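Annotated active site per Swiss-Prot: His5, in sequence order, evidence recorded as similarity to another entry. Residues or ranges marked as Mg(2+) binding site by Swiss-Prot on the basis of similarity to another entry: Glu25, Asp27, Asp85. What Swiss-Prot lists as active site, nucleophile is His41, and the listing cites similarity to another entry. According to Swiss-Prot, the feature disulfide bond maps to Cys45-Cys51, Cys47-Cys190, an assignment based on similarity to another entry. According to Swiss-Prot, the feature N-linked glycosylation site maps to Asn253.
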Amino acid sequence: LIMGHMVNAIYQIDEFVNLGANSIEIDVSFDDSANPEYTYHGIPCDCRRWCTKWEYFNGFLKALRKATTPGDSKYHEKLVLVVFDLKTNSLYNYQAYDAGKKLAENLLQHYWNNGNNGGRAYIVLSIPNLAHYKLITGFKETLKNKGHPELMEKVGHDFSGNDNLDQVAKAYKKAGVTGHVWQSDGITNCIASFIRGIDRAKKAVANRDSSNGFINKVYYWTVDKYSTTREALDAGVDGIMTNYPDVIANVLNESAYKTKFRLATYADNPWETFKN
């Protein structure tokens, strides 16, 4: 996946997909009552990016639904997966369940159209804090209570805090998650990637490829340079999050990579570990 980073204004959906992204990441900020309120990142954010673009969350969901509903005038066939970067650090731990409940209610109504020919993209709920694992429980139980447990087939999970992978596994156990796991690793583009290195991403890939690992897919962020793109592909990641989708697309076209990698389509299962 080429994952467009920080797509928080509606017009940016077209912009990033047209540059080559088949996935986008959206920041979701919450109000004091744990309602998802805006698609908004805020300051500070990645270097060479405008941090303060925003929409109302439900307005963005409606636009996203159009972009991922076949037959709609705004439809993008290649946009297959959406990561919601949930900014839950503004909430108390005890609010995590409510945040999940309200997120599910909003998505059900405005994105999935109450289960009636809604948007088709796969969704990854990315949570920054392991202590907020009950967000997953709240989300899952709400879809079940509303009569749409089948929509969980479209939902995957990520803990984005760069935590120790053993701790991540424990949080999933508490949340009752046994699949659909994307593991993120990375750092803001303001810090050169070689300072932090790619070791943790390699550990995540090793977990993914082991017989008893809990990870299905690994993505690395935020990659804007040709050299870092090659390094991430060499490590065997499944997705690269970027501010410049065209850079990643160009590298994937290089002779060293174009026989080994291809862009995911809707026919690919994002929860299934790719076996060489």
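Glycine is treated like the rest: Cβ placed from N, Cα and C.
Sequence features, as recorded in Swiss-Prot, placed on the structure.
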residue	record	DSSP class
His5	active site	coil
Glu25	Mg(2+) binding site	strand
His41	active site, nucleophile	coil
Cys47	disulfide bond	coil
Asp85	Mg(2+) binding site	strand
Cys190	disulfide bond	coil
Asn253	N-linked glycosylation site	coil
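Within 10 Å (C-alpha to C-alpha) of Cys45 (disulfide bond) lie the following recorded positions from His5, Asp27, Asp85, Cys190: Cys190. The shortest Cα-Cα distance between Asn253 (N-linked glycosylation site) and any of the recorded positions His5, Glu25, His41, Asp85 is the one to His5. Using a 10 Å Cα-Cα cut-off around Asp85 (Mg(2+) binding site), the recorded positions His41, Cys47, Cys51, Cys190 reduce to His41. The local packing around the residue listed as 'active site', expressed as other Cβ atoms within 10 Å of its Cβ over all shown chains, amounts to 27. For His5 (active site), the spatially nearest entry among the recorded positions Glu25, His41, Cys47, Cys51, Cys190 is Glu25, judged by CA separation.
Only Asp27, Cys51, of the recorded positions Glu25, Asp27, Cys51, have a C-alpha within 10 angstroms of the C-alpha of His41 (active site, nucleophile). Here Asp27 (Mg(2+) binding site) is positioned 11 angstrom away from Cys51 (disulfide bond), judged by their C-alpha atoms.
Same-chain residues with CB within 8 A of the center of the Glu25, Asp27, Asp85 CB atoms, the Mg(2+) site residues themselves not counted, are His5, Met6, Val7, Asn8, Ile26, Val28, His41, Val83, Phe84, Leu86, Lys87, Ser126. Fewest Cβ neighbours within 10 Å among the disulfide-bonded residues Cys45, Cys51: that distinction goes to Cys51. The two recorded residues, Glu25 (Mg(2+) binding site) and Cys47 (disulfide bond), show a Cα separation of 17 Å.
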